[in-house]
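The next block holds one structure in the form of structure tokens; read it before the comments.
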Amino acid sequence: MTLKMSILLKCLLPQKSLIRNFIHRKGKGDAGKYEKIFAPGQVSKERTVPDRIPKPPYYYKKMPPGNTIGTPEIKNVDQIQGMRRSGQLAANILQECRALAVIGKSTNEIDARAHELIIEANAYPSPLRYAGFPKSICTSVNNVACHGIPDDRQLIDGDIINIDVTVYLNGYHGDCSETFLVGDVDEHGRYLVEATRTCLDMCISLCGPDVSFNKIGKFIQQYCEETKLESIVDFIGHGIGSYFHGPPEIYHYHNNIGGKMRPGMTFTIEPILTLGESDIALLEDGWTAISLDGARSAQFEHTILITEAGAEVLTKVHE
């Protein structure tokens with residue numbers, strides 16, 4: 001282990017026994033105590049969006065996901081201000097959802113509250129109808145890597161849940177997610193969540209003008225080797241703006257794909273790290289991605305803006 005990474009882990013997990021348990025384990029796998037998700041629950045009907053709310057084009061007709069291949073957009077001052085507003089709203093909604101990530105609350109109830117708050121802000125819940133997605137946010141519990149559909153399953157003691165919120169406000173999308181602890185989570189789960197949070201923070205710290213996009217993936221690969229975690233490589237970060245998904249593509253693993261960050265670019269970084277292997281499968285709903293080995297994963301996501309001086313987190317909550 002490098003000295004820099006050793007110092008990082010001591011800051012991340014001050015309890016030395018926790019560090020020892022994970023960085024010296026010989027194989028991948030999740031020996032923690034948690035309930036695995038094997039099938040979707042009961043999904044409620046689509047929530048209504050008032051006529052007064054401006055809607056993206058995919059609300060009116062089913063469209064494929066956005067194209068993430070091509071030249072990243074350089075946003076002007078007005079576009080950047082629009083992105084700041086949508087990002088701030090997404091961050092605030094996500095923090096409201098945090099209070100609902102408690103024992104006995106269903107993910108459908110979290111979705112209902114998020115939908116209500118987004119509509120109250122005169123915004124649109126971006127996931128709704130995007131490529132056919134049926135709900136207003138994504139909720140991914142335990143061994144669900146991402147894109148979990150909110151349903152009637154109630155959260156139980158020991159769960160970890162990722163809540164992914166994207167809003168469409170005044171023509172711009174803002175996208176962020178966080179993984180929350182429910183009740184008394186075992187040490188494996190706590191380690192996973194904190195390590196993933198730190199991974200995203202360190203990725204953001206790498207960003208700035210003329211930095212290669214692939215620096216993010218190269219760092220994540222090294223980080224996972226040091227922390228004995230695995231990156232789920234099937235899912236990427238993406239450009240964002242008046243479109244939900246666009247260029248550039250941000251890979252969360254070692255790669256040599258070209259392209260550099262320029263001031264005015266906005267994109268997400270959203271690593272998904274797991275205690276097990278990176279292989280995933282989709283449930284029959286066509287969205288819910290679960291780990292093949294049943295191991296838990298955690299995800300954190302921010303929308304960032306490249307500036308002349310570095311990077312600005314657009315989805316950070318302002319105190």
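Glycine is treated like the rest: Cβ placed from N, Cα and C.
Note that TrEMBL annotation is computational and uncurated.
Annotated in TrEMBL:
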BINDING   His147, His245  substrate binding site
BINDING   Asp164, Asp175, Glu301  divalent metal cation 1 binding site
BINDING   Asp175, His238, Glu270, Glu301  divalent metal cation 2 binding site
DOMAIN    82-308  domain 'Peptidase M24'
Neighbour tally for Asp164 (divalent metal cation 1 binding site), based on other Cβ positions within 10 Å of its Cβ: 24
Most crowded position, judged by CB atoms within 10 A, among Asp175, Glu270, Glu301 as binding-site residues: Asp175
Same chain, 6+ residues apart, C-beta under 8 Å of the C-beta of His147 (substrate binding site), given in sequence order: Phe133, Cys138, Ser140, Asp164, Trp287, Thr288, Ala289
Cβ packing number for His238 (divalent metal cation 2 binding site), 10 Å threshold: 23
Beyond the site residues Asp175, His238, Glu270, Glu301: chain residues whose C-beta lies within 8 Å of the centroid, for divalent metal cation 2: Asp164, Cys176, Ser177, Gly237, Ile240, Phe267, Thr268, Ile269, His302, Thr303
His245 (substrate binding site), number of other Cβ atoms within 10 Å: 21
Between His245 (substrate binding site) and His238 (divalent metal cation 2 binding site): CA-CA distance (Å): 6
Near-site residues: divalent metal cation 1, ref Asp164, Asp175, Glu301, CB cutoff 8 A to centroid: Ala90, Cys138, Val165, Thr166, Cys176, Ser177, Thr268, Glu270, His302, Thr303, Thr315
